[in-house]
Amino acid sequence: MTDVPAPRHIPDRLDKPLSSAIFSWEALLVVVAAAIFAINSFASPYFLDPYSLSDLTFNFTEKGLIAFAMALLIISGEIDLSVAAIIALASTMMGMAVQAGAGTPVLVLIGIVVGLGCGTFNGLLVTRLGLPSIVVTIGTMSLFRGIAFIILGDQAYKGYPESFAFFGQGYVWWVVSFELVLFLIAAVVYWFVLHRTSFGRRVFAIGNNPVAAQFSGVRVGRTKFILFCLTGLMSGIAAVLITSRLGSTRPSIAQGYELEVITMVVLGGVSILGGAGSILGVVLAAFIMGLVTFGLGLLNVPGIVMSIFIGLLLIIVIALPIVWRRLRGGR
Amino acid sequence: MKAFLKYREIWLLAAIVVLIGLISTRFPAFADPGNLRQVFNDTSILMILALGQMVVILTRSIDLSMASNLCFTGMVVAMLNAAHPAIPIPLLIVIALVVGLVLGAINGLLVWRLNIPSIVVTLGTLTIYRGATFVLSGGAWVNADKMSPDFIGFQRAAFLGIPVLSWIAILVIALFFVLMTRTALGRSIYAIGVNPTASVYAGIDVGRTKFIVFCISGMIGGLSGYLWISRYVIASVEVANGYELNIIAACVIGGISIAGGIGSVGGTVLGALFLGIISNALPVINISPFWQMAISGSAIILAVVLNARSERQQGRIILKKVEAA
């Protein structure tokens with residue numbers, strides 16, 4: 001023991017100076033969120049009310065849950081466009097179960113299992129057959145929602161049991177909804193997994209350089225497969241929440257959510273090219289999107305116009321640091 | 001390489017012939033030349049859009065905003081026509097091309113000048129352009145009774161027994177064929193997709209070329225805006241909602257590699273026709289149209305599995321050649 005030289009201390013990550021924390025992406029998001037919050041509370045007298053603020057959270061909790069898993073997936077260099085279609089299929093299956101007389105626990109189980117199953121299917125296609133995930137999930141997006149359309153057509157499933165309503169409509173304490181609690185728990189879990197475990201480091205490694213990761217002993221295929229399963233699982237959970245909140249299922253449920261989830265992830269500072277991102281950023285982005293849509297909703301701005309703001313926000317927040325760097329670089 | 005490409009298109013063509021054969025066992029009149037002309041006409045807009053998307057995907061980019069561009073430009077020309085029925089249709093088409101070009105150039109500039117990944121840019125403009133349609137129209141619709149007879153009738157007029165819409169599609173296909181096989185720009189587009197770094201060393205301005213392909217897809221989106229509105233005679237915010245994915249699906253089925261550099265005009269046209277035949281056939285063979293989505297989804301997955309196989313084979317062939325040299 002004594003003749004072995006003391007190992008040189010190699011830090012996991014370099015110490016960051018304070019200035020980099022101040023100019024970090026998350027700091028920018030905090031400023032944006034605070035600004036939107038302030039504008040909202042000036043613009044509408046109804047905004048700063050605990051019940052209003054509680055309603056606000058419903059705008060992002062379901063999409064946010066998926067966004068966490070999607071963040072990991074995008075960091076690893078893949079993408080899943082089928083998440084909204086998974087919601088549609090899982091919700092349809094839950095509707096079928098209700099017609100067969102299933103109770104609340106069975107419904108929840110079905111939603112989660114269908115979600116997980118769809119995610120597994122995506123994962124197998126991408127990792128086993130080595131297909132590009134963007135195309136595979138465009139295909140499964142049509143397939144999953146298509147099955148929902150085949151089963152339901154222009155009909156709707158209703159008649160969910162009363163106890164089922166808790167997941168999407170219930171409150172744990174005062175104005176704190178079950179959805180919000182679930183969102184916060186998921187945020188902590190995903191933060192821990194991504195930033196504090198070796199699994200999280202592997203995800204970053206794969207996103208930065210899949211070949212190097214493979215040669216470093218990272219099971220690239222298996223890690224990506226797990227991430228696809230995880231994204232399916234979160235979509236299944238989101239399906240339970242949405243179905244419970246709406247109390248009915250149509251095949252067009254959650255239409256367009258996939259793009260909103262991806263917008264949330266990218267707005268949160270996750271590089272669409274993979275290899276970089278943080279859960280804190282995604283949480284902040286979820287809040288920002290919730291604030292924007294809710295604030296504009298209080299001002300009676302129609303949903304389609306809100307989407308302009310979300311789109312502009314996405315491009316501006318991405319473009320701003322690039323322009324800023326150019327100006328400082330004097331080019 | 002060229003023989004290989006032909007090989008794949010022949011397979012796609014064979015798949016289409018088999019598909020038509022299968023359909024005509026249930027409904028013999030489907031294979032009728034008159035009906036096939038009708039199917040071609042019905043698929044014209046999708047073919048045109050898919051070609052615009054093709055040049056973008058070939059350069060390793062993607063344009064998710066095409067359907068929103070179509071929606072916005074369609075609303076612009078519909079409102080212009082409703083307000084000033086005297087504007088001749090060719091001028092309206094030019095206006096549609098210019099409006100589409102501007103929207104495409106916005107995408108292109110963001111990709112070129114700020115180096116933002118195209119999927120992020122067009123994800124943003126997808127919602128912005130559709131939202132802008134709402135702002136422009138105030139949420140109102142432009143119905144058939146507000147459109148002039150010329151506006152609706154132009155693409156339906158028959159020339160040599162074929163509707164003008166089909167002729168426009170044929171013209172666009174021919175233009176893209178010349179662009180991709182007979183011009184330096186076409187070669188640059190392929191080169192960027194195959195190897196962007198090598199393209200820079202070969203003297204190709206990658207950023208500028210990407211800007212140009214987004215301008216092309218924008219113009220195509222604008223042109224399709226007029227064609228779509230005058231075909232379905234209603235302009236609203238909901239026009240072609242979600243259609244961007246059908247366009248990409250047509251490209252993928254047509255053998256365009258999402259990783260860039262691989263694909264052809266013929267393949268794209270056949271990919272669009274494949275989807276067009278399915279959507280035309282379902283009602284006549286008494287399958288609920290609700291099946292269409294799942295069928296095209298399965299077709300996309302099947303196509304990408306087959307594409308991946310042939311791409312892998314191609315890689316091996318290249319290696320062998322290098323080793324032999």
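Even glycines carry a Cβ here, placed using N, Cα and C.
Lifted from TrEMBL, the feature list:
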{"type": "TRANSMEM", "residues": "A:21-44", "note": "transmembrane segment"}
{"type": "TRANSMEM", "residues": "A:64-90", "note": "transmembrane segment"}
{"type": "TRANSMEM", "residues": "A:102-125", "note": "transmembrane segment"}
{"type": "TRANSMEM", "residues": "A:131-152", "note": "transmembrane segment"}
{"type": "TRANSMEM", "residues": "A:172-193", "note": "transmembrane segment"}
{"type": "TRANSMEM", "residues": "A:225-243", "note": "transmembrane segment"}
{"type": "TRANSMEM", "residues": "A:264-292", "note": "transmembrane segment"}
{"type": "TRANSMEM", "residues": "A:304-324", "note": "transmembrane segment"}
Inset, instruction - Tell me, please, if the transmembrane segment (A:172-193) and the transmembrane segment (A:64-90) are in contact, taking contact as 3+ Cβ pairs under 8 Å between residues separated by 6 or more positions? - result: yes
Inset, instruction - Can you tell me which of A:21-44, A:64-90, A:131-152, A:225-243, A:264-292 gets the most C-beta pairs within less than 8 Å of the transmembrane segment (A:102-125)? - result: A:225-243
Legend entry - Residues from the same chain, set at least six apart from the ends of the transmembrane segment (A:64-90), whose C-beta lies under 8 A from its own: 110-112, 114-115, 118-119, 122, 126, 133-134, 137-138, 140-145, 147-148, 182-183, 186-187, 190, 193-194, 200, 203-204, 206-207, 210, 223-224, 227-228, 230-243, 251-258, 261-262, 264-266, 268, 270-277, 279, 282-283, 285-286
Legend entry - Folded-back contacts onto the transmembrane segment (A:264-292), same chain, C-beta under 8 angstroms, at least six residues removed: 25-26, 29-30, 32-33, 36-37, 40, 56-57, 59-61, 63-64, 67-68, 70-71, 74-78, 183, 187, 190-191, 194-195, 204, 206-209, 306, 309-310, 313-314, 317-318
